[in-house]
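Student: Let me give you the structure first, and then I'll get to my questions.
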């Protein structure tokens, strides 16, 4: 490059600068300038020796990763954290009690098993969990999924008994509830054992990344649909109607309205009053959360007051209001689950394991980001797996973290899982000492607690306008997850939503944007004879044909040259892309040699493919690009192209990967 300076009349002779810069090709860069480190491949024996190598440092690291409590408990700042953890633990424990009783109804097991599930897993998570703020225990969505499986495996029809009333023609059909509940508990326990095994194995195999495939719109649409299922399932308890439990929401609504004439008015009054009180308390907590030292425990107030009224007025005997009835005092001895039920529960356990983990890790990451620490997805899988597996031997059902309780635990000053430990002690106190107090508790009060706690999930409908403005594809994922889960059930709905989310990823890679780079910006000046083609996606079997078609369209629309016409069509030799991503040559016999050799000479000498955003190219994509180069070489040999090169403009940061 030469630069000339025009001299003035009295100026010295003009200075001339000559800058010479060599042009490097990729081969020269890799052979002369870039010298990658040579790594000798390790044998299988060396790899095993490295993995199985044991030292004091490695043993300490393994112990700290497996028992995260050892990383923070020795340095626990008592003066700074203890009071906050104490207040948070008591507040969360008081909230844990009514939710444990209520969510046991969703799981179709007696309420006391909800208390068991609120004690053992919380205690275990204190030692094995990496999140400092989430509250482990019963959760509506997981409880509903368990209840669907339990009712399917132990329906009421299996336990109907006909009793004679004096004559052979006068019989009464009733359900052996004791045998039914015992069977349902067995099913729930075995299901929980299998869920724990799956989560534990996935954690040991370092499969914590699977949660990324459950994108946030999918999870929110799915949980909103689950809220619809939960709300409808509680209508019969709110109205005091005796109907069988159905798996689908439409059938449940039909069953409730078909028997609505048998509604118990007293039950409805108690349930509605409980809902109004709970809603008002939650509204006060939200309005004055900055002024209140701790949230008002609306759930425990409703439980205690409704229990006292039920006991004082004998609602069960005088007004036929369904109550909790027997709550045994103390903890049951451990027992081995009935593993003969396993074959029927594998599919359901996988769905529950994945959903439970995805909800737990998503909430854990939110709190970790807010408070400046990190959570380990693999260790969270191990922790949840241990909580479910070990606790199942003590008659619990599957658990995960609860959004409402986690918010209470964090907002009331909780700093570590000491708060969770104290919450489990509150539950233990009730189970061991005062569980009998809740025997007169009306079931409609528990239904009211569940319904009011669903308000947070129903607020997720606000996602629809927000996603409409930001991402139509994510909106489609939300809607598909919601509709499929409502109509098909939670298990099939989750499978459909996951499949649709994966298809959306494929769609995005196929419908990428392509542009001639210099035409994208008004200020850019195009160099004569050079065209730069840019695409923002990888090139692989699913979109290689679209890439070639876009290249043809953009280049032709820009009136590049006969070089591309010679490649793509209008001459004897052109490219044809097949539907399976393969590129084949076709020859047009109608074009004569005279037509081919009389084509105008090409004014464009270089076509640059900008691959800066390209992450990978598979064999099909590589063959397509190679075929473009080969056809240009062929046209040059035939004389219809003066000079036409294809070069790959790749960022220096990734150039090494393309070697």
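Glycine too: its Cβ is placed from the backbone N, Cα and C atoms.
Predicted automatically and left uncurated, TrEMBL annotations should be read as such.
Pulled the feature table from TrEMBL, pasting it below:
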- 520-625: domain 'STAS' (DOMAIN)
- 101-128: transmembrane segment (TRANSMEM)
- 134-151: transmembrane segment (TRANSMEM)
- 187-214: transmembrane segment (TRANSMEM)
- 260-280: transmembrane segment (TRANSMEM)
- 292-313: transmembrane segment (TRANSMEM)
- 350-369: transmembrane segment (TRANSMEM)
- 381-398: transmembrane segment (TRANSMEM)
- 418-438: transmembrane segment (TRANSMEM)
- 445-461: transmembrane segment (TRANSMEM)
- 476-507: transmembrane segment (TRANSMEM)
Student: Please identify the stretch among 101-128, 350-369, 381-398, 476-507 with the greatest number of Cβ pairs below 8 Å relative to the transmembrane segment (134-151).
Tutor: 101-128
Student: Where among 292-313, 381-398, 445-461 do we find the most Cβ pairs under 8 Å to the transmembrane segment (101-128)?
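Tutor: Per the Cβ under 8 Å count, 381-398.
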Student: Is the transmembrane segment (292-313) close to the transmembrane segment (260-280), in the sense of at least 3 CB pairs under 8 angstroms with a sequence gap of 6 or more?
Tutor: yes
Student: Select the range from 292-313, 350-369, 381-398 that forms the most Cβ-Cβ pairs under 8 Å with the transmembrane segment (187-214).
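Tutor: That would be 381-398.
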Student: Across the domain 'STAS' (520-625), what does the mean pLDDT come to, as a whole number?
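Tutor: Across the domain 'STAS' (520-625), the average pLDDT comes out at 62.
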Student: Which residues of the chain, 6 or more past the ends of the transmembrane segment (350-369), have a CB below 8 A from one of its CBs?
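Tutor: Apart from its flanks, the transmembrane segment (350-369) reaches 130-134, 136, 139, 141-142, 145-146, 191, 195, 198-199, 202, 208, 210-211, 214, 216, 219, 222-223, 375, 377, 380-381, 384, 388, 398-401, 403, 406, 410, 490-491, 494-495.
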Student: Under an 8 Å Cβ to Cβ limit, what residues of the same chain, 6 or more beyond the ends of the transmembrane segment (381-398), are close to it?
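Tutor: For the transmembrane segment (381-398), the list is 66, 104, 107, 109, 113, 116-117, 120-121, 124-125, 128-130, 136, 138, 142-143, 146, 185, 188-193, 195-204, 207-208, 331-332, 334-337, 352, 356-357, 360.
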